[in-house]
Amino acid sequence: MTISPPESGEKDKKILESPVKADPRPIDFAKLDKPGFWSSKLSKGPKTTTWIWNLHADAHDFDIHTGDAEEATRKIFSAHFGHLAVIFIWMSAAFFHGARFSNYSGWLADPTHVKPGAQQVWAIVGQEMLNGDLGANYNGIQISSGVFHMWRAWGITNESELMALAIGAVVMAALMLHAGIFHYHKAAPKMEWFQNIESMLNHHIAGLVGLGSLAWAGHCIHIGAPTAALLDAIDAGTPLVINGKEIATIADMPMPHQLCDPQIIAQIFPGLASGTGNFFSLNWLAFSDFLTFKGGLNPVTGSLWMTDVSHHHLAFGVIAIIGGHMYRTNYGIGHSMKEILDSQQGDPILFPAPKGHQGLFEFMAESRHAQLSVNLAMLGSLSILISHHMYAMPPYPYIATDYMTVLGLFTHHMWIGGLFIVGAGAHAGIAMVRDYDPAKHIDNVLDRILKARDALISHLNWVCMWLGFHSFGLYIHNDTMRALGRPQDMFSDSAIQLQPIFAQWVQSIQASAVGTSILAGTAEALPHKAISEVFNGSLVEVGGKVAIAPIPLGTADLMIHHIHAFQIHVTVLILLKGVLYARSSRLIPDKASLGFRFPCDGPGRGGTCQVSSWDHVFLGLFWMYNCLSIVIFHFSWKMQSDVWGLTGGNFSQSAITINGWLRDFLWAQSSQVLTSYGSAISMYGLMFLGAHFIWAFSLMFLFSGRGYWQELFESIVWAHNKLKVAPTIQPRALSITQGRAVGVTHFLVGGIATTWAFFHARLFGLG
């Protein structure tokens, strides 16, 4: 890829003087009528059916459109605004539906008895069957997205506020679309601007993250927390009094702007009306009524305290603003990322790399795929972390007792995390093929890792085999012993125990730490319940349902956790092998010249198929899917058994055999989806069936040979020619890579939608 040369007379200018180029690409609407205008080959139009596949495969591969790194980077930057516009439109739709069609007000008035509903379905051919009784005289479709709980935490108390948000989100979408067009066609940033790493870190960390968190803290403090205090008091049956008036219902609530009146807010949080004098005199304890550190859950709502959440966002915002100013920008002070990396030499004994991290800054700064890979890996890991917060630290009021929402959000964030991490492997492979220059990386950390790849992959392979045989072997042993009627010889909590002693130790030290530490700057100890209740804490009940409870761990957990470890390591093995061998291998030394995706290394070279970096991503997706399926199955059954009290605590004895998983989880819990016809959850029965078909359809692509299809097409074309109705676009069988792409897509979509229907029907069916 080439990099545009600097324009004449601009080499000596500072970046801030001329960061953009005016009118680099005038808007040409004529291009939009020509599919594939960015490719001389595709713009000629279709001659065979392969054209449509190449159009989709290459439309967003900006690298190959012009070969100019600056142009590709501008397209990425512009596409970000387009992405934000789509997000705002999606948010607007959610707000609008909440305002016009949902039962938000009814749910808000009685969240422990009324279920969240999206809309009422019109009766066209019997769809009114789907309108279930959600309480408070509302019949509609039950939802599990958690938006109602989130809106209550924000401080939204009526549909008018939702409609205002819907309008605001549409306006923001229009602004984002305009920004995307403007920053590509009218004022496009130059490459030097994109490469100004320290300024970018300053802007992203201090500006977007820091100020964003601080602004959100402001909303939580002035609107969210006061509204939550009033609503919690109503729900607890002890309404607050404002200006002599009892706030007994939502209709009595002050308007949002009234909560900013010092006279009104002083009656909810006196510290909030005390003015800024306490801030500048460092008397910050005056603010401890609305910036709290209570820990644990609000017993009324079963969620984190809104005042704790406010405190968290304020602290995080301040930390990010300070952290974002660590880097050297215009004033010659602070850290230089290049200097930091170049000075890192690595461990001289464990990992000797004479040139250390030299060259790493340039590679990361110039390779968009390398940047994206790191960001996807981190964001994917963060998404998986968020999954666990859904049950360990429920963030929104009443969400913890809406079991399908907890399970749905856990599952959703798991899938997102898994897809992002596989994406990290994909873009790392592309970076190695397209952006990595071996001549620039001699004896540095990247070079040393590539030289050690055989040791890395062979050891990882050994770990996978060890984990796989041993963890699966425990289940095989238990199934055999149970079949032979020898329960005393099984691995279980009542026979041969395999207790997760390290996990239990972590739980106990978390619980024992409460009340032993001193808060910084005060003489107060950490309050009780300063950690999650799942770590040997206490049970919190809301509306007669368990919101959170200690999660005991035993032999069944140790066994399934080792299955998790096995599957995670196999997924990592596949993805890492795809990256480390992306450019070359013993089998194909010139793999880099074949590109990121190729079917085989030509005829006569047996064993060279399915070795491209793309094929590793393809295989990694299957293992990611298998891995996370077991994770969400484990979570679903464990919570139903040991926390929510829905399956009589059968996890510890049933989950120790394969037969137990098949019989007591999959079969027993699928009764709701299999018997859903004729009820309000019948759509999940149809989805369960249809998604199985989509999944099975994928096998036709994954197991097929191209020759069969091409031969079939030829005979069909012959028949059309005989009838003189032959198409002008010649049919072509899918390439090996295209077939695999279609196969894995339907496999994942079918599998995920099947699980979606299974989970929803189960928990909605139980009520």
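Counting begins at 1 with the first residue displayed.
For all residues, glycine too, the Cβ spot is worked out from N, Cα and C.
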Region 'Disordered' per Swiss-Prot - which of 1-22, 595-616: 1-22
Cβ neighbour count (within 10 Å, all chains shown) around Y708 (divinyl chlorophyll a binding site): 10
Cα-to-Cα gap, C600 ([4Fe-4S] cluster binding site) vs Y708 (divinyl chlorophyll a binding site), nearest whole Å: 19
Tertiary contacts of the transmembrane segment (455-477), as residues 6+ beyond its ends and Cβ separation under 8 Å: 449, 490-491, 498, 559, 562-563, 565-566, 569-570, 572-573, 576-577, 580-581, 656-658
Packing count at M700 (divinyl chlorophyll a binding site) (other Cβ atoms within 10 Å of its Cβ): 12
Positions on the same chain near the transmembrane segment (558-576), where near means CB under 8 A and six or more residues out: 421-422, 424-425, 428, 456-457, 460-461, 463-464, 467-468, 470-472, 474-475, 491, 498-500, 503, 616-617, 619-620, 623-624, 626-627, 630-631, 634, 655-656
Set of same-chain residues at least 6 away whose C-beta sits under 8 angstroms from W709 (phylloquinone binding site): A733, L734
Sparsest-packed of the listed binding-site residues (C600, C609) - C-beta count within 10 angstroms: C609
Closest of C609, M700, Y708 to H692 (divinylchlorophyll a' binding site), Cα positions, binding-site residues only: M700
Euclidean distance between Cα atoms of C609 ([4Fe-4S] cluster binding site) and Y708 (divinyl chlorophyll a binding site), Å: 19
